[in-house]
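Per TrEMBL, the features are as follows:
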{"type": "ACT_SITE", "residues": "Asp31", "note": "active site, proton acceptor"}
{"type": "ACT_SITE", "residues": "Asp169", "note": "active site, proton donor"}
{"type": "BINDING", "residues": "Ser6, His62, Gly138, Phe139, Gly140, Gly141, Asp169, Gly170, Gly171, Gly191, Ser192", "note": "substrate binding site"}
{"type": "BINDING", "residues": "His29, Asp31, His62, Asp169", "note": "divalent metal cation binding site"}
Amino acid sequence: MEIAASILSADFMDLRQSLKQVDSADFLHVDVMDGHFVPNLTFGPCVLQNLSQYTNTPLDIHLMVDNPTFGIELFKELKPAYITIHLESTPHLHKIIHHIKNLGFKAGVSLNPATPLNGLEYIIADLDLVLFMSVNPGFGGQKFLPLVLDKIAHFKQKFPTYSGKIEVDGGINAKNALLLASYGANLLVVGSYLFNHENPTLALQELKRA
Ligand code: DX5
Ligand code: ZN
């Protein structure tokens, strides 16, 4: 199992120390929120522009914004491994996914909990990652919604040849990580469970074994 540590739950007044705590994560998950698509605001590129001086962990950028094209422009300088946009945020999914890929990054699409799989059919072959939200996006520390398990099972039935990442985000802990692994998830976003843990390094090791 690969783990993306969500810096939404980090200590923003001591980000450097927070980054050290999750040094062994496979990715740093960066939640970009605009106050419109979700009722919360997070960080802009100014806050994160020097991130690469303090960590070598590849970035997994999750754009929860109404204008994903603008978000991509803002964050492309960070040279992330993945940029993921929401299916609900744009009628121009094909164009934007190919824009991300042309910039040299891997591209993902995220689905809110109630969003059906319809709409992925004609883009699935181009995707490197599908991100299933297991909470309503906007905040860390929410309760895991088990409906995502059924959704992943349907996804695997519907797209049996899909070979990209199956990422899940929201309310993940050591217990439901095992369940998600058994359903075929292979990249888990973990925020509050990690940063609230007395030993984040140990917690990461345990999650990776899932
Ligand atoms: C929620 C974000 C998540 C959040 C997960 O909108 O997309 O990435 O940081 O945090 P936890 O693990 O606390 O649910
Ligand atoms: Zn996220």
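A Cβ is built for glycine as well, from the same backbone N, Cα and C atoms used for every other residue.
Positions of the features from TrEMBL, shown on the structure.
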{"residue": "Ser6", "record": "substrate binding site", "Cβ neighbours (10 Å)": "28"}
{"residue": "His29", "record": "divalent metal cation binding site", "Cβ neighbours (10 Å)": "28"}
{"residue": "Asp31", "record": "active site, proton acceptor", "Cβ neighbours (10 Å)": "24"}
{"residue": "His62", "record": "divalent metal cation binding site", "Cβ neighbours (10 Å)": "28"}
{"residue": "Gly138", "record": "substrate binding site", "Cβ neighbours (10 Å)": "18"}
{"residue": "Gly140", "record": "substrate binding site", "Cβ neighbours (10 Å)": "21"}
{"residue": "Asp169", "record": "active site, proton donor", "Cβ neighbours (10 Å)": "25"}
{"residue": "Gly171", "record": "substrate binding site", "Cβ neighbours (10 Å)": "22"}
{"residue": "Ser192", "record": "substrate binding site", "Cβ neighbours (10 Å)": "18"}
Binding-site residues clustered about His29 (divalent metal cation binding site) [Cα within 10 Å; pool: Ser6, Gly138, Gly140, Gly171, Ser192]: Ser6
Length of the line joining the Cα atoms of Gly140 (substrate binding site) and Asp169 (active site, proton donor), in Å: 10
Assigned conformation of Gly140 (substrate binding site) - DSSP reduced to three states: coil
Euclidean distance between Cα atoms of the residue listed as 'active site, proton acceptor' and Gly138 (substrate binding site), Å: 9
Alpha-carbon distance [the residue listed as 'active site, proton donor'; Asp31 (active site, proton acceptor)] in Å: 11
Additional residues around divalent metal cation, ordered along the sequence, whose Cβ is within 8 Å of the centroid of His29, Asp31, His62, Asp169: Ala4, Ser6, Leu8, Val30, Asp60, Ile61, Met64, Thr84, Leu131, Val189, Gly191
From recorded positions Asp169, Gly171, Ser192, the one whose Cα lies nearest His62 (divalent metal cation binding site): Asp169
